[in-house]
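Working notes, beginning with the structure itself.
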Amino acid sequence: MKNKFDTLTVETGVKSKKKYPIYIGKAILNLLDKVIPRNVSVLIVIDSRIARLHRDKITRLIEFLTESRTVNQIIIPGEEDSKSLSVSESLYEKAASLNLDRSSWFIGIGGGVVGDLTGFVAATYMRGANLLHVPTTLLAQVDSSVGGKVAINQSGYKNLVGNFYQPKAVIIDTNFLDTLPIRELRAGLAEVFKYGILCDRELFLTVKSLFEDCEPLNNVSWERYSYLIHKSCEIKADIVSQDEIDTGIRMLLNLGHTFAHALEGATSYNYFKHGEAVMWGLAMSAELSYKLNKLTYKDYQAIAELPELTKVPEVPIQVKDPNIIEELLLRDKKKTGEELTVILPTSIGSAEICKCPATALIKVILES
């Protein structure tokens, strides 16, 4: 019996009209056989946690693919430190030693770190090999695996070296959520909140109800998670189809992220999960928008209460140093002079791109 799955299509590039599918379902790793051609070489980059917790599943997958392909694997820690030139170099060396060429396939099985790293290596190996994402965290499933952003960190800057490189497909198997810690589920839902604030009030309220019901997040049904994943990917795919390289409407997807990146940097990238920092970033964006008379008090309150409602970690005292915050904000890729491009909600369901002085953002962070 074949497992059921949903399919979305991402269209990229107004001129090139490239397309790729997103498959969403439970126990659907067999779809890799449908996507990857026969008689090609495959290098699978696997998050070490996934390799340990899903060893039998990964072993069966590799055996299945090996029947008609040459398959090798490399296991890396799914930590931010792995998004580095040194780890990238080890992947290049592995690929070269296996005589991989441009017809070969790189598959990333893991969270955002593995996806970013694998995508970066695939994009740059021989100027571009085939890429396929199998995201295993909720955050990667609803956000980072879709849209083609690939990058590594360098010189203390997050995602300093990167590009836009689209995968051939994204396969989202919700079975991986069964072993995901509650903290990771909570972090992933921050990005779903983001999509709701951007353009779908009903989605925002649906996610909020998960926390108001006080049901443990690891008891939520896979069907409910599949719905949230589908809605999130649908929204992101629509935005990416209009602006693949982040020069216009796609910038809206940065809602909460200017604040979040500063919070992550101020805590050395080892205190907050990315989604937890985004949760605070959403609240801070709402506060700034309310102070600029762009957001009603009712909607401001609904967004501002998210960190408390979702029980993400508090903002620690070291974030209260204005000099550190200013330095981090001025590293932002969306900076122009002393001004930052920041996304501000104008309601739960809409947002706009604004220019704000760094001092305005610093004040919001210090008062948090």
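Glycine too: its Cβ is placed from the backbone N, Cα and C atoms.
Zn(2+) binds HIS257, HIS274 as Swiss-Prot records it, and from the list GLU191, GLU352, GLU367 the residue named for this site is GLU191.
Between the candidate binding-site residues, THR137, THR179, the densest Cβ environment within 10 Å is the one around THR137. Counting in whole angstrom, ASP116 (NAD(+) binding site) lies 17 from HIS257 (Zn(2+) binding site) by their C-alpha atoms.
Over all protein chains present, the Cβ of HIS274 (Zn(2+) binding site) has 26 other Cβ atoms lying within 10 Å. Cβ crowding, taken as the number of other Cβ atoms within 10 Å, peaks at VAL114 among the binding-site residues VAL114, LEU177. A Cα-Cα distance of 24 Å separates LEU177 (NAD(+) binding site) from HIS257 (Zn(2+) binding site). Cβ neighbour count within 10 Å across all protein chains ranks GLU191 highest among the binding-site residues ASP116, GLU191.
Rounded to the nearest whole angstrom, the C-alpha distance between GLY112 (NAD(+) binding site) and HIS274 (Zn(2+) binding site) is 10.
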